[in-house]
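For reference, the structure is listed below as structure tokens.
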Amino acid sequence: MGTSHLTDLLKYLCSPKLGLNLDSASYQLCGPVPQSEIEVSVSARNIRRLLSFQRYLRSSRFFRGTTVSNSLNILDDDYNGQAKCMLEKVGNWNFDIFLFDRLTNGNSLVSLTFHLFSLHGLIEYFHLDMMKLRRFLVMIQEDYHSQNPYHNAVHAADVTQAMHCYLKEPKLANSVTPWDVLLSLIAAATHDLDHPGVNQPFLIKTNHYLATLYKNTSVLENHHWRSAVGLLRESGLFSHMPLESRQQMEAQIGALILATDISRQNEYLSLFRAHLDKGDLHLEDARHRHLVLQMALKCADICNPCRTWELSKQWSEKVTEEFFHQGDIEKKYHLGVSPLCDRQTESIANIQIGFMTYLVEPLFTEWARFSNTRLSQTMLGHVGLNKASWKGLQREQSSSEDTDAPFEELSSQLLPQENRLS
């Protein structure tokens, strides 16, 4: 990649759209930036260093200009009127998170998660300070990037609501402990924390600080987990608990979030399927419950095609726009366009049909084997209907394109058959 393209990429990554102005922010921390560092001749090594510094700035609540105190006052009004009525039906699979986000003035994640903590009796059981809990949830919501079309706080709220629905399923409801519920809700709320709006291959090929830090392995998921741990410690929400319990909490939340790495789906799915085939899942065993909760979070994370068409279509449009935005960046800076990210050759219908075929249907089929309930059948039914709808739209757009080939190729890259959990 030529120096001119590297410089353009640096300017983009340091633009207000992705973060702070690097010049002014670094001046506040370190004094003025030498002009030589931002000239066209800047080296790839300098870019990696500056991108690392930019990541530090993005992670700083002070430099982002956000404060927690102003947001704490929003909650009193959230439980009035229509928002309160919606929360009374938070266990309904047709819950419209987009409407709820509008009713709460963009505070769906805070309002919904706080309500679920109360609904499950976690505040009383774990003797949580309500102000610390609110502050923790506000910090989580603030650390999602609202400019991301898909990976934002509304998605986190949607996943948390889905996780609540799964926790209510008979097999889980009769076996999970308050500790399990606590970890599950925190993991759901934080599972994409501080997501940059681009995927792991993009971070790797741009030599991003995070890719180096996590050695190109589950880069985003490791970052989401570590970011969640940082907020847990900063909030002091569980400071009254023994250190050993807090360490156990952080590790188990990490194991839940790491399970959402889509490139490792075959590992978890194969292990889950093996237990189902043998009939040896014993939910009184904490290790088996943890595996089921990992699978539940995986389902919650990619449950969009399992929602009604009205909701599913909105999510499909949002995630595709995020893909295409990454592809636009890759084209502009000659990085090589990632699979599914080229708006000139891909379509929402193609992407969604492949996504349902290769990822969603296999996962939810096994989940239905574990929890053969009305909800499971409803979710699979929605997948079938939504897939048929996308195929209908695809036929209207074009009858000559190969629907599954692009996603099948990507699926073979993301889900290597030889991967297994040890």
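Numbering starts at 1 and runs along the chain as it is shown here.
A Cβ is built for glycine as well, from the same backbone N, Cα and C atoms used for every other residue.
All annotation found in TrEMBL is predicted automatically rather than curated by experts.
Fair warning: this is a prediction, and the values are worked out from it, not measured in the lab.
Going by what TrEMBL states, the Zn(2+) 1 site holds His191, Asp192, Asp301, and the candidate of His145, His155, His240 recorded there is His155.
There are 28 other CB atoms within 10 A of the CB of Gln352 (AMP binding site), with all protein chains counted. A distance of 17 Å separates the Cα atom of Gln352 (AMP binding site) from that of His151 (active site, proton donor). The recorded positions listed here are His151, His155, His191; among them, His191 has the most other Cβ atoms within 10 Å of its own Cβ. Other than His155, His191, Asp192, Asp301, the residues of this chain whose Cβ falls within 8 Å of the Cβ centroid of the Zn(2+) 1 site are, in sequence order, His151, Ala156, Val159, Ala188, His195, His224, Thr260, Ala300.
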